[in-house]
Amino acid sequence: MTNIRKTHPLLKIINHSFIDLPAPSNISAWWNFGSLLGLCLIIQILTGLFLAMHYTSDTSTAFSSVTHICRDVNNGWLIRYLHANGASMFFICLFTHVGRGIYYGSYLFLETWNIGIILLFAVMATAFMGYVLPWGQMSFWGATVITNLLSAIPYIGTTLVEWIWGGFSVDKATLTRFFAFHFILPFIVAALTMVHLLFLHETGSNNPSGLNSDADKIPFHPYYTVKDLLGVLMLLLFLLLLTLFSPDLLGDPDNYIPANPLNTPPHIKPEWYFLFAYAILRSIPNKLGGVLALVFSILILAAFPLLHMSHQRSLMFRPLSQCMFWILVADLFTLTWIGGQPVEHPFIIIGQLASILYFTIILVLMPVSSMIENRLLKW
């Protein structure tokens, strides 16, 4: 008798995706982050669901409802901080996952890569709207500053901003719609994740060498289920350590002050995972230019397949390109640091130089170093 998992219409899909899936025998721990992102999404949806049961999306009660969750709801403080720090873990996994894709040339799976970019935008939008919901000072002013950027769009900008706000400023209508979008987007992300996996399983996984691994495959279960389990336990350990020992480490103290439209905080800044893009935005004195740089700082990921000049897929055997990659990583850390600093000397010039370097490495230095490597190998 054939095993039910191989014949049942639903179980068959799960079987082909997570059990009998042929996987390369040499994929490293950098391939764990896909499953960790799935876990993060599940944690966020579950904690978010329980938070939504107690939250009210009204400007007069939003801040109080979050306080009520932390003080009066059974383990409400834990759910709230798991959700807030779960977002940080989500982005750590996201950035690592994208970095892995760049390092090992996984971007050559075009459909998978492009769906991944859409997923990145969707998760960033979700996180931004979630940050507005507690209705603290940084929530309110963050929402005001970021939505206001759309007014830089010629001709329709101002109308567009007022349409998103639902009025002439960030107010009750804005909070209500942000809550609605924040609730629905994770489910859209989950659906897109399935499409992401569907396209990945059309080609099979890449591997560190970047070579074809058809001749050497192993079943996903038990080898990679057990390997993923180790990643899961480590992620949960870090998340719980962060949540239980220093839950506010990555947050902003200003968000414990209720939103006040009459009082601007001295330094408006987003959560840490947006700081690199925020630094690029601030480094350009022109408003429209800044907005375009902000969008292209993420959208530039779509250019990676077009800029792939090397005859090898992975960076594993390409020391020059490896140097460029790690300079890019260091540059992103620099941008993240600058994004959290006030707009004054020397931070302005450091931010501008780091922004120029970011685009230069991706658009010029990485393709050029690939071509130099090709020449050195006489290809």
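Every residue gets a Cβ built from N, Cα and C, even glycine.
Straight from Swiss-Prot, the features:
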| type | residues | note |
| --- | --- | --- |
| BINDING | His83, His182 | heme b b562 binding site |
| BINDING | His97, His196 | heme b b566 binding site |
| BINDING | His201 | ubiquinone binding site |
| TRANSMEM | 33-53 | transmembrane segment |
| TRANSMEM | 77-98 | transmembrane segment |
| TRANSMEM | 113-133 | transmembrane segment |
| TRANSMEM | 178-198 | transmembrane segment |
| TRANSMEM | 226-246 | transmembrane segment |
| TRANSMEM | 288-308 | transmembrane segment |
| TRANSMEM | 320-340 | transmembrane segment |
| TRANSMEM | 347-367 | transmembrane segment |
Selected stretch (most C-beta pairs under 8 A with the transmembrane segment (178-198)) from 33-53, 113-133, 226-246, 288-308, 320-340: 113-133
Sparsest-packed of the listed binding-site residues (His97, His201) - C-beta count within 10 angstroms: His201
C-alpha spacing of His97 (heme b b566 binding site) relative to His83 (heme b b562 binding site), in angstrom: 20
Remote residues contacting the transmembrane segment (113-133) - C-beta distance under 8 A, at least 6 residues beyond either end: 48, 55, 57, 62, 66, 87, 90-91, 94, 98, 101, 106-107, 139-140, 142-143, 146, 174-175, 178-179, 181-182, 185-186, 188-189, 192-193, 195-196, 199, 270-271, 273-274, 298-299, 301-302, 304-305
Tertiary contacts of the transmembrane segment (226-246), as residues 6+ beyond its ends and Cβ separation under 8 Å: 29, 32-33, 35-36, 39-40, 43, 78, 81-82, 85-86, 88-89, 93
Packing count at His83 (heme b b562 binding site) (other Cβ atoms within 10 Å of its Cβ): 21
Rounded to the nearest Å - Cα separation of His97 (heme b b566 binding site) and His201 (ubiquinone binding site): 17
Surrounding CB atoms that lie within 10 Å of the CB of His182 (heme b b562 binding site), all protein chains: 21
